[in-house]
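The structure under discussion is supplied below as structure tokens; questions concerning it will follow.
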Amino acid sequence: MASGLEDIVNENVDLEKIPIEEVFQQLKCSREGLSGAEGENRLQIFGPNKLEEKKESKLLKFLGFMWNPLSWVMEAAAIMAIALANGGGKPPDWQDFVGIVCLLVINSTISFVEENNAGNAAAALMAGLAPKTKVLRDGKWSEQEASILVPGDIVSIKLGDIIPADARLLEGDPLKVDQSALTGESLPATKGPGEEVFSGSTCKQGEIEAVVIATGVHTFFGKAAHLVDSTNQVGHFQKVLTAIGNFCICSIAVGIAIEIVVMYPIQRRHYRDGIDNLLVLLIGGIPIAMPTVLSVTMAIGSHKLSQQGAITKRMTAIEEMAGMDVLCSDKTGTLTLNKLSVDKNLIEVYCKGVEKDEVLLFAARASRVENQDAIDAAMVGMLADPKEARAGIREIHFLPFNPVDKRTALTFIDSNGNWHRVSKGAPEQILDLCNARADLRKRVHSTIDKYAERGLRSLAVSRQTVPEKTKESSGSPWEFVGVLPLFDPPRHDSAETIRRALDLGVNVKMITGDQLAIAKETGRRLGMGSNMYPSSSLLGKHKDEAMAHIPVEDLIEKADGFAGVFPEHKYEIVKKLQERKHICGMTGDGVNDAPALKKADIGIAVADATDAARGASDIVLTEPGLSVIISAVLTSRAIFQRMKNYTIYAVSITIRIVFGFMLIALIWKFDFSPFMVLIIAILNDGTIMTISKDRVKPSPTPDSWKLKEIFATGVVLGGYMAIMTVVFFWAAYKTDFFPRTFHVRDLRGSEHEMMSALYLQVSIVSQALIFVTRSRSWSFTERPGYFLLIAFWVAQLIATAIAVYGNWEFARIKGIGWGWAGVIWLYSIVFYFPLDIMKFAIRYILAGTAWKNIIDNRTAFTTKQNYGIEEREAQWAHAQRTLHGLQNTETANVVPERGGYRELSEIANQAKRRAEIARLRELHTLKGHVESVVKLKGLDIETAGHYTV
């Protein structure tokens, strides 16, 4: 067989142009597909259906972690330690050189191992998102990964699929295919039987089978892949890293410049002493672990998100999710269960001689019996026996749903040999199909409105005979049969999740294709408000007179949702919100949602989304419902909080080391040992690595990188700690305060013992600072993670042991005993407490909200009192008054000035009372009665397919 396929492998046969029957001959296959064994054999010949992956050298990847601006500074310090530090009759500083190299290797090793683990975990997760396809093997259809496809396979292509390989279409209705990613064509191309479709293009309409003619690198896309620009854009996260790194490097440069100017021309210090002082600033000031800590934190966070049912395709989407303040959510399946049921008693029949059960049967016949969507499953499931949907008939042709026609249809032959068609779909489309008269349209619209007031969707059914007995014929005129009510109950957790979202500062807007009345009713039930508008208002059309003067941007920003929405409206909503500086999330599941998902800051493909929607999204949900998204927001904020905590810590330590040791060196000409700074840096890095798993409180508001806050906090905290160290040095080295007060031995005149004391003081406070930066409230009230706590105490036991017992001549230290160690710990603890107060003061100056953290550990997501609940109640009251025909104030004054809420609260309370009365009335309707009886009998209305009272 291999020799027979050589021409195909070498591309000597033009499978794109030859007749379709010759394609089967050349590929040595049939319309029945390949066998499993033949598929495996061909996989060895043609290779997997994926592009070649670039193999990266592990060694080069490892060395790459030493190639960034922060590492360059450390490498410069290492060279300096042996090339420049050999003056004054002293040998090169080999200890510092080896220590710096060890520090670089340790950081690179941790980065390499963690990124490798994260990469493997991400690869495993992404494998679950790998494109899948329906393939015919061994005479059976099954869903397989697209990578196993080989030339000769028969595949099924339907709406929303990304075409898995180059293929020729077989018999069936034409497809509409979006090839813009490959050819640049903006409009979908129509492809009929026998024509070629390319791998990577998206099916926009239709359903058909095809024979695969090329896979992997042999496809049109595979050949062009090397032309695709693979340049990585510098993301926002990388820009932040660069800005913080540059700030630290500039701070060190300032410190070094001041030291050089003062030490050599003014103080005329020895060359080697000056080099040691410069090494201290270079080694201690550079946050060498920053890229490692932040990358590891993000990788671990991404893994945690996947465990919660949210797979991140783009790592930096985590920081955008943390800052999201508007979520545009689909209704069906996200806010509701997408478990549809039909109340038979409410079915309206418009055709003489037809019973309600027959309307249901027609709807079931116009549904799939396999590979069903929610509506198909509901229709077939309502039959006494699902087999009735195809009982006594022979299926000729099924027209699948598409976003343009918004209907499905089945052509079939009955037991008498007569041809018929039935169709179900959106009422407006079915009415147009039947060329319905004005009086019929009026009656149908009245029924639809009646359903909508109860939150029920409408599905219309029609039928026709086909005298010509061919599937291509138009048939006799269509007859409008009836309308069915569909009830899609809200998820049990949706109302609570929306309340949580509001408390977190995320405004949830419902974006639905359903009618306005249904959207308002669902919004009312979920407590998200009924301030909703039809999609036509987005284009400035059909606005009420009261809101005609409101700009579209304001309308989108203030609305609780929009109904009757098409994909182009979703894109417009996202665009306008982004223009108003909102960080916007958008959920979607269909191929037509892809542009809006791409445009949104965070595109979220919901569970069971099409391949096209998944491809355009940043985050793919593996579980249904809004609660997954809100959990992901909380987790993202926790991840972001860890990263922000570390950056503040890194800036603070740089300022503290640079200016603390610079002042000591210049004022008292005391030269701290570069080796001891290395020990501090190594212990700090070991402790700080655990921050990626720290227990943190997520921010109660949408969070983002605020460099002003990071730098301001870092400078103030670092400056305070530098002064604290300088004061300690002065008190211990130049006065008898500590010996007189605590009866410890005098360190004056003993430089080596002073070195040990100074080392311990710097080590304790440097690491203790992380507890201040990691907490939003008092640092001693927010319990840290166990790993961080253990790492801190282990590092401090080592540091204390070195200070107490160390006697290293090369590092110029000598043990100071437990008495001095206790004094230094006491000094550090006493001067630790003001750090929290300074943190609050900086936040208060910058944002004016930090004092709320001191009082109740909570920051409101808005400056409005009670989370703006009064404003929402006022809008809700406005809608209720309109509903009941009461007089309203001008729309422009719906949101009043401060102080006018009391009156509106009273209006809201009155409206609520009227709403409660309306609900009581609703209980006396048939649907309300059914729900009451079902509840009394202890049945679950969500799981019950249907119930008869």
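The count begins at 1 with the first shown residue.
Every residue gets a Cβ built from N, Cα and C, even glycine.
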On the question of membrane sidedness, does Swiss-Prot assign Glu709 and Gly785 the same topological domain?
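The record shows them together on one side of the membrane, with a shared topological domain name.
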Report which of Thr332, Thr411, Thr882, Thr943 appears in Swiss-Prot with the annotation phosphothreonine.
Thr882
Might you confirm whether the transmembrane segment (672-694) is in contact with the transmembrane segment (711-731), defined here as three or more C-beta pairs under 8 A between residues 6 or more apart in sequence?
no
What residues elsewhere in the chain lie close to the transmembrane segment (815-835), defined as a C-beta under 8 angstroms and at least 6 residues from its ends?
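Non-local partners: 717, 720-721, 724, 728, 738, 742-745, 747, 753, 756-757, 760-761, 764-765, 768-769, 772, 779, 800, 803-807.
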What stretch of 245-265, 275-292, 753-773 shows the most Cβ pairs under 8 Å to the transmembrane segment (95-115)?
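Maximum Cβ contact count belongs to 275-292.
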Under an 8 Å Cβ to Cβ limit, what residues of the same chain, 6 or more beyond the ends of the transmembrane segment (753-773), are close to it?
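Same-chain contacts beyond the flanks: 645-646, 648-649, 652-653, 656-657, 660, 664, 670, 672-673, 676, 679-680, 683-684, 687-688, 691, 713, 717, 721, 724-725, 728-729, 732-733, 747, 779-780, 784, 788, 792, 795-796, 799-800, 802-803, 806, 811-816, 820-821, 824-825, 827-828, 831-832, 835-836, 839.
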Kindly say whether the transmembrane segment (63-82) and the transmembrane segment (645-666) touch, using the definition of 3 or more Cβ pairs under 8 Å where each pair is 6 or more positions apart.
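Since fewer than 3 Cβ pairs under 8 Å link them, the transmembrane segment (63-82) and the transmembrane segment (645-666) do not come into contact.
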For the transmembrane segment (645-666), could you work out the same-chain residues 6 or more beyond its ends whose Cβ comes under 8 Å from its Cβ atoms?
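Apart from its flanks, the transmembrane segment (645-666) reaches 240, 244, 247-248, 251-252, 254-255, 258-259, 262-263, 267, 277, 280-281, 284-287, 290, 293-294, 297, 672, 677, 684, 688, 691, 694, 696, 710-711, 713-715, 717-719, 721-723, 725-726, 729, 758, 762, 765-766, 769-770, 773-774.
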Can you count helix, strand and coil residues in the topological domain 'Cytoplasmic' (774-785) using DSSP?
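The composition, in the requested order, is 0 helix, 0 strand, 12 coil.
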